[in-house]
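Single-structure report; data block below.
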Amino acid sequence: MTMRRQMYGRRLSLAALMTCMVTGLGWLVAVGPGEAAPGDGLDDAVKATVAEEPDLDATENVKQEATVVDRLRSEGDWVFGGATLPPGEKDSPLSTLYVAKHQGNRKWQVALQGTEEFNGLAQQAPESVVSKDEKAALGAQPARPNRTGLALPWRQGEAWYMGGGPHGNSGDSRPFNSIDFNGGDGRVLAPAGGRVYKTCVRNGSAEVKIVHPNGYTTSYYHMTNIIDVRDGTEIAAGTYLGHIGVQLPCGGSASGAHVHMSLYQGSRPVPVDGMTLGGWTFHESGGPYGGFAERNGQRVGPGGRLTNFGGGDAPAPDPKPEPPKPTPKPPTPKPDPKPSPARGTVRPHPDRWRAVNLRAEPSLRGTVTGKLRNGDQVTIVCTATGDRVGGKWGATTLWNKLDNGAWISDGFVDTGSNRPVAPACDDNAPTPKPDPAPKPDPTPKPDPAPKPDPAPNPARGTIRPAPGSPAVNLRSGPSLQSSVVGTKRDGEVVTIACTTTGGPVAGRWGRTTLWNKLDNGAWVTDGFLETGSNGPVAPACGG
């Protein structure tokens, strides 16, 4: 990718253009004279250069004219700043950094982040415009493929939802360099150290960008209460960046509070397919917002919860191989230490103010031996398969045995995973002796009629209307074209009888075609129903 320079002016006659080409000035961007100040033509020069960068997809005149140019620092003939391209009606914008030098006689030299020309021009700029440390960071060589050294953008050890799998900045645009996350305490944190910049700052929001020392750049959109520091400030991993939201400082769209995280090298969007963030390797599917994240054989799709296992700063280079040493005698093996017990946090559902029952066995028919409330910490010694329970994150048959001997459904315990976090329970009880043979009953009684299996617990959900709307319509069929048969207000709990695929809806957590049939026969889109999962939590409707 080379720097694009061109003649730019309000009007250039053919003779003037030929003169510029002959005199070697044809690769400089011509703009207004004078020092770097609004109205000097620098904005037009940056827009013209951005329009010729294929990675930024800004060839449309509308996009070029709407590009937001920020001047972060300037002195004399030098300017350092950012350029942000609006996304139109799609998801999130694209942005890049630039360095510009005024050439005199209505000309500017402009270079974009990630090019050799940018690095060269940045090195020439005074340190009041681009500091010495920034020059090193902005000129860092691209990181090794797949080894990002990045965590996920929230507190390590906690789990958030992947609201939308790999997709482009404009939804279905390629490459798929972005992922949407939501949940937890909503605080977006830096996944690694670097230098932070804010572009398109409006109404308390902005696109926040971190240039990491390993050659990667990450950006964050839709946030509120963003970090308040000078552009170019060096920050550490875990630094607060903002809070998830639905803000659109540079346009776009958002359905439900989340953060849109994107990956770049310079100005070039980098696909997240095959990249590892926070200990999870992400994979895309054929379309946007799908795919999955994988770790140690566990796969989590959109709507699933991902625990942040960290990543730190850029990984160290592979060590040089050492010469072989004589093989020492093997030491006497020591017994393996006991593994640390797994822990979890109790999360009642659907009413978080109610207690969760502890039982004598992994079954809803087991005797209640105690109760725990929201936020109580528990220690899990082993796990087993038991009765199906409609829990906070969907239906599950996983049960956890606690250190006090009681059982609790995994549907009400936040462990950071939907899978077992402790070993399977072993039945170490001694084998009971067989009962002595019973004497025959001279008049045997007929066997009692078998009791039917108890019906499974119905799935439930909580109504969550679109922002600004007090209620959600119930319909006669699984489509927005079906007649309205009632409404439900925010926070109302409903019982789901079955599910099906119907008309698409842009819901609070993204686009969905999943519809839920309630126990009263009405239909409600899954886009406005909080069930703890983006997938079905009840069986498919028959017929």
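Heads up, the Cβ atoms here are built off N, Cα and C, so glycines get one too.
For reference, TrEMBL has these:
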- 300-313: compositional bias 'Gly residues' (COMPBIAS)
- 324-340: compositional bias 'Pro residues' (COMPBIAS)
- 436-450: compositional bias 'Basic and acidic residues' (COMPBIAS)
- 476-485: compositional bias 'Polar residues' (COMPBIAS)
- 177-270: domain 'M23ase beta-sheet core' (DOMAIN)
- 355-413: domain 'SH3b' (DOMAIN)
- 289-352: region 'Disordered' (REGION)
- 418-486: region 'Disordered' (REGION)
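Proximity of distant same-chain residues to the compositional bias 'Gly residues' (300-313), defined by a Cβ-Cβ separation under 8 Å and at least 6 residues beyond the stretch ends, is recorded for 148-152, 154-165, 181, 183, 191-193, 212-214, 237, 276-280, 289-294, 393, 416-418, 509-510, 533-535. Beyond its flanks by at least six residues, the compositional bias 'Polar residues' (476-485) meets 500-503, 505, 515, 517, 522-523, 525 of its own chain at Cβ-Cβ distances under 8 Å.
Confidence annotation: the domain 'SH3b' (355-413) carries a mean pLDDT of 90 in the model.
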